[in-house]
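Participant: Would you mind keeping the following structure in view while I ask a few things?
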Amino acid sequence: MTKMLVLYYSSYGHIEAMAKAVANGAKQAGATVALKRVPELVPEAVARSSGYRLGQEAPIATVAELADYDAIVIGTPTRFGNMASQMKNFLDQTGGLWAENKLVGKVGSVFTSTGSQHGGQESTILSTHVVMLHLGMVIVGLPYSFKGQMRMDEITGGSPYGASTLAEDENHRDRSPSANELDGARFQGRHVAEVAAAMQLGRSHLQPELVR
């Protein structure tokens, strides 16, 4: 059975909601899913005064456990078109796994959130893809078979690079992920799980010396 990690960082709960949808989609495809988050770097007093969503129930992941999964789906909000520092700090600690090729051949995928429609969704996902490529992972996005990313009747996240959500409306008020955005996240989770399962099946028919 395919083992998937949905690894996320969420300040205000938008990515947390998307992460849960990704996990649910993967479970629909028969994957065993762990939903975990990376450590917070912001001091608790500052996070509390800034309205961060504290006490999220997902446990904290360890770097070493990344090698235990067949697929890793990362969720991070944007920070000026790049992943959040909390996620970058975590991934910067994977040097040991990189040196031993522990993540080579594993499926990787990314989803994100931004505060505006053009706030860096695609660049955030692509910058995270770069890390995955250095680790030898096989990248999977959100294919156009998810028709929700083609909608023109509403402002919505989602692109072929990955699911996404907008965290604010046009009046800069907090906005929860829409039904369409959550559908995209579930689709991505299911798609990643299916690709990872197919890769597992394919490897089972290879000669051992040809695997990775």
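Along the chain as shown, the residues are counted starting at 1.
Using N, Cα and C of the backbone, Cβ positions are placed for all residues, glycine too.
What Swiss-Prot records for 4-192 is domain 'Flavodoxin-like'. Marked as FMN binding site by Swiss-Prot: 10-15, 78-80, 113-119, His134. Positions annotated as NAD(+) binding site by Swiss-Prot, on the basis of sequence analysis: Tyr12. If you look up Swiss-Prot, you'll see Trp98 marked as substrate binding site. According to Swiss-Prot, the region 'Disordered' annotation covers 161-182.
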Participant: What is the interatomic distance between the Cα atoms of Ser10 (FMN binding site) and Trp98 (substrate binding site), given in whole Å?
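Facilitator: With the alpha carbons as reference points, the distance is 25 Å.
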Participant: Which one is it, among the binding-site residues Tyr12, Thr78, Ser113, that lies nearest to the residue listed as 'substrate binding site' by Cα separation?
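Facilitator: Nearest in space to the residue listed as 'substrate binding site', counting only the binding-site residues, is Thr78.
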Participant: Reduce the DSSP letter at the residue listed as 'substrate binding site' to three states and note it down.
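Facilitator: For the residue listed as 'substrate binding site' - judged by DSSP and reduced to three states - the answer is helix.
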Participant: Within 10 Å of each Cβ, count the other Cβ atoms and name the one among the binding-site residues Ser10, Thr78, Ser113, Ser116 with the highest count.
Facilitator: Ser113
Participant: When DSSP is mapped onto helix/strand/coil, what comes out for Thr78 (FMN binding site)?
Facilitator: strand
Participant: Drop a 10 Å sphere on every Cβ of the binding-site residues Gly13, Gly119 and tell me which sphere holds the fewest other Cβ atoms.
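Facilitator: Minimum Cβ neighbour count within 10 Å, taken over the binding-site residues Gly13, Gly119, occurs at Gly13.
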